[in-house]
Every structure is written in structure tokens, then in C-alpha cells.
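Novice: What TrEMBL records for this protein is below:
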- Arg283, 308-309, 322-326, 339-346, Asn360: FAD binding site (BINDING)
- 2-31: domain '4Fe-4S ferredoxin-type' (DOMAIN)
- 32-59: domain '4Fe-4S ferredoxin-type' (DOMAIN)
Amino acid sequence: MSCLIIDSKKCVGCGICAKSCSSNALEIKNSKAEVNDNCVLCGVCLDACPFNALSIEKEENSTFDCSEYSDIWVFAEQHKGEVLPVSLELIGKGRELSKEKGCNLSAVLIGSDIRSKAEKLIAYGADKVYICNDSDLEINSDERYTDIFSRMISQYKPEILLLGATGFGRSLAPRIAARAKTGLTADCTFLEIDNETGLLHQTRPAFGGNLMATIICPGHRPQMATVRPGIMPIQNPDYSKEGEIISIEYEDNIDKKIKLIEDILAPEVKTIANAEIIVAVGRGIGSQKNIALAQKLASLLGGNIGVSRPLVDIGWSSQNNQIGQTGSSVSPKLLISCGISGAIQHLAGISGAKNIIAINTDPDAPIFNAAHYKVVGDCVEILKSLISKIEETGSFKKII
Ligand SMILES: Cc1cc2nc3c(=O)[nH]c(=O)nc-3n(C[C@H](O)[C@H](O)[C@H](O)COP(=O)(O)OP(=O)(O)OC[C@H]3O[C@@H](n4cnc5c(N)ncnc54)[C@H](O)[C@@H]3O)c2cc1C
């Protein structure tokens with residue numbers, strides 16, 4: 001590990017370094033500077049010290065052999081005994097990446113009574129499933145799962161490890177990365193393999209969403225990323241597909257610091273992130289009162305309303321309904337997009353939608369490049385006529 005070194009012969013305890021440190025990582029004790037765990041090795045104190053008493057000792061990484069690492073792994077996270085959709089989404093993406101790299105795709109399934117789920121993961125695209133099955137593992141545990149992953153990484157050496165950016169995934173991934181002494185890109189929205197280097201390009205919004213940053217991890221393995229749910233499509237399962245199931249022994253020998261007192265599940269909230277039908281409106285809707293038309297159509301179809309960001313910015317809708325890079329990623333079966341231009345930040349949130357019907361007056365609107373069905377026309381008039389047709393016929397299917 002790299003670390004900050006304080007030369008006690010040169011340090012006079014003046015405290016200039018402590019004042020320069022924005023992480024509160026330096027304290028003066030017994031007239032000498034001391035560094036604590038807050039240090040992020042930014043190096044500001046080195047420049048501040050007039051006595052050259054500080055230096056950073058960098059770890060030499062030249063011995064790390066990346067070539068020993070192969071295969072792509074996906075953590076198959078479960079909730080209430082069911083594999084989460086985001087894990088199936090990642091298996092679909094992992095399949096695509098593994099084809100490009102010419103390697104195997106494996107899923108890692110931890111829990112109790114999980115064998116039948118391993119077969120499901122093979123059907124969804126995994127070549128291998130590592131299962132660690134024990135009644136102690138029924139409830140997601142950061143400490144236990146980190147320990148299992150650390151041992152598995154040392155033994156099997158995966159090149160890439162993907163996890164869902166769920167509450168648990170966001171807590172587990174950095175612990176695994178810290179143990180494996182590797183990097184982690186959180187909340188990715190796009191993943192691809194660099195054709196020349198074979199490295200994983202991990203893309204995520206940065207600087208408050210003002211730009212997209214593509215991050216690589218060239219010197220350590222595995223290359224780790226968490227991915228936001230609902231961004232990548234789930235591939236159709238093939239139950240005739242064969243794969244290997246590998247059992248991992250569970251060793252309960254860790255010094256646990258967390259004691260589970262009670263497992264309380266948060267009530268399920270219906271959000272646009274998991275809505276099956278969405279009627280989304282943008283600035284082309286014209287006025288706040290017209291949003292009621294989209295709301296009406298959404299309720300006739302049993303769906304939710306979604307909006308583009310400008311409608312939130314001008315106070316016409318709540319941020320909970322915003323779709324896109326700085327809103328929710330959605331993956332409905334049907335998205336009816338009304339008067340939305342299709343800016344890149346909006347498209348970032350709808351790539352998981354199975355069917356998109358876009359209505360726009362501009363035949364060249366970029367939304368049409370993402371849409372499956374294109375309707376050039378006034379969305380207000382089309383919404384009105386759809387509503388009256390559904391009310392007349394009692395069915396949306398009869399209209400389309
Ligand atoms: C850092 C950052 C993050 C952002 N995050 C998001 C995000 O999460 N989500 C998001 O949506 N945006 C986001 N944006 C904003 C984004 O760049 C666009 O400005 C926004 O998506 C445009 O919204 P819009 O399509 O509703 O409006 P406009 O771009 O104004 O488009 C209106 C569309 O309606 C059409 N139209 C007009 N009248 C009618 C009519 N009567 N019938 C049918 N069509 C009509 C027009 O032809 C046009 O295509 C972000 C921007 C930045 C800089």
C-alpha cells in the first residue's frame with residue numbers, strides 16, 4: 001500500500017501540514033505530525049511543509065500479473081429468494097462482453113437452497129455458476145459475502161466482476177474491491193470492451209451528470225463495476241443451454257463485527273423505475289394542463305407517467321417522474337414518448353424499454369432513432385384521440 005511518511009527528524013510540529021489538509025488527516029501530537037486513516041495521499045501537505053518532512057511512499061505494482069486472470073463474473077444478487085432483474089440484465093451484458101473477449105461468463109450465487117436458481121442463470125446466459133449454499137447465507141451479509149468473494153477471487157482469478165448498483169451491491173462491491181486491492185467504478189451506465197487493449201471501458205456520469213467519464217483499470221484485477229438497474233435489457237432464456245455448476249465450500253471463520261438483530265424489508269414502492277407501461281411527456285406537451293392527458297392515458301393503460309427534465313425544472317412535475325441520466329432509468333414493456341426530443345441525457349434512461357412509440361412533430365427528432373414506432377404529429381391531439389378511442393373500445397390492443 002502507498003503511504004504518507006513523516007520524517008520525525010525534520011518535523012518541527014509547526015502544524016502547517018495539518019492546516020493545509022482538507023481531509024483532517026494530520027494531527028500534531030507530542031510536537032510531531034501524525035497521519036491518520038483519513039489520508040487520501042493527495043500530496044497537498046508535501047508542498048505545504050517548509051521543512052520537507054513529508055513524503056509519499058508509492059507501492060510498486062510491477063509484480064501484479066494481470067495475465068493470470070480470465071473470465072467474466074456476475075454477482076447474482078437475490079431478494080426474498082428471487083434473483084434480481086439487474087443480475088439477469090448483467091448476465092445478458094456479460095454474455096455479450098464474454099463473446100467479444102472469447103472467454104467464459106460465470107455467475108456467482110450465494111444463499112440457501114439455490115441450486116434451481118443456478119440452472120436459471122445458465123438459461124439466461126452463464127457458462128458456469130459458482131454456488132455457495134448454506135442456511136447461514138440466506139440473508140445478504142456484507143461480511144460473509146466479502147469473505148466468500150475474496151477467497152474465490154484468489155482461487156479462480158476472474159478478469160471482470162460486475163454487480164448491480166443496488167443498496168446491497170453498492171455496499172458489497174467496495175468491500176470486495178478493497179480486499180482484492182483493485183479499482184471499482186460505481187453506477188456505470190455503459191460497458192464495452194476496448195478492441196485494442198481488451199480492457200473493460202466503464203462509463204458513468206461524472207461532475208453532477210455534466211459529462212460521461214470512461215474509466216479503465218489497467219493494472220489490477222478483477223476490473224470491477226456496479227451497474228444501475230434497468231439500463232441493460234434481459235436476454236430471452238434458453239432452457240436447453242447446458243452449463244457447469246461449481247460448489248464453493250462455505251467457511252464460517254470470519255470475525256463478524258455486524259450482528260443481525262432483525263431483517264425488515266422496506267415496503268415496495270411503485271416507481272417509474274419498475275413500471276411496465278409509461279406515458280412520458282416532454283416540452284412538446286405545451287402546457288401543464290395537457291399533462292393531465294398523459295396522466296389519463298397512463299391510468300387507462302395501468303401505467304405511470306414519466307417526464308423529461310425540463311418539466312421538472314419548471315415545476316410541472318416531480319423529480320420522482322423524471323427519466324434519464326439524472327432521473328430514473330426505466331425498462332417498461334411499453335413507453336409512449338410524447339413531445340420529447342430525445343437528448344442524449346434522456347436516452348440514457350430509456351435504453352431498457354422494450355417497445356417505444358414516439359410522437360413528435362419534427363420528423364428528424366433524435367427520439368425517432370431510439371423508437372420502434374414513429375408517429376409524426378401533434379402529441380396533444382394524438383393523446384386526446386387515443387384516450388377517446390380506448391374509452392370507446394375499452395381496449396388499447398384494438399386500436400394498435
Ligand atoms: C447534466 C445534464 C443532465 C440532464 N439530465 C436529463 C435527464 O435526466 N432527463 C432528461 O430528460 N433530460 C436531461 N437533461 C436535459 C436534456 O439535455 C434535454 O434538454 C431535455 O431532455 C429536453 O427535454 P425535451 O425533449 O422535453 O424538450 P425539447 O428538447 O425542447 O424537445 C421538445 C420536443 O417536442 C417536440 N414538439 C413540440 N411540440 C410538439 C407537439 N405539439 N407534439 C409533439 N411534439 C412536439 C419538438 O419537436 C421537440 O422535439 C440533462 C441535461 C444536462 C446538461
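Glycine too: its Cβ is placed from the backbone N, Cα and C atoms.
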Novice: Here the binding-site residues are Gln322, Gln325; which one has the lowest number of other Cβ atoms no more than 10 Å from its Cβ?
Specialist: Gln325
Novice: Please name the residue among the binding-site residues Arg283, His346 whose C-beta has the most neighbouring C-beta atoms within 10 angstroms.
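Specialist: Within the set of binding-site residues, the most crowded position is His346.
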Novice: Taking every protein chain in this structure into account, which of the binding-site residues Ile340, Ala343 has the most other Cβ atoms within 10 Å of its Cβ?
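Specialist: Going through Ile340, Ala343 one by one, the largest Cβ count within 10 Å is at Ile340.
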Novice: Let's see if you can do this one: DSSP helix, strand and coil counts over the domain '4Fe-4S ferredoxin-type' (32-59), in that order.
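Specialist: The counts are 5 helix, 8 strand, 15 coil.
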Novice: What are the DSSP helix/strand/coil residue counts across the domain '4Fe-4S ferredoxin-type' (2-31)?
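Specialist: Here the numbers are 5 helix, 8 strand, 17 coil.
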Novice: Averaged over the domain '4Fe-4S ferredoxin-type' (2-31), what pLDDT does the predicted model reach?
Specialist: 93
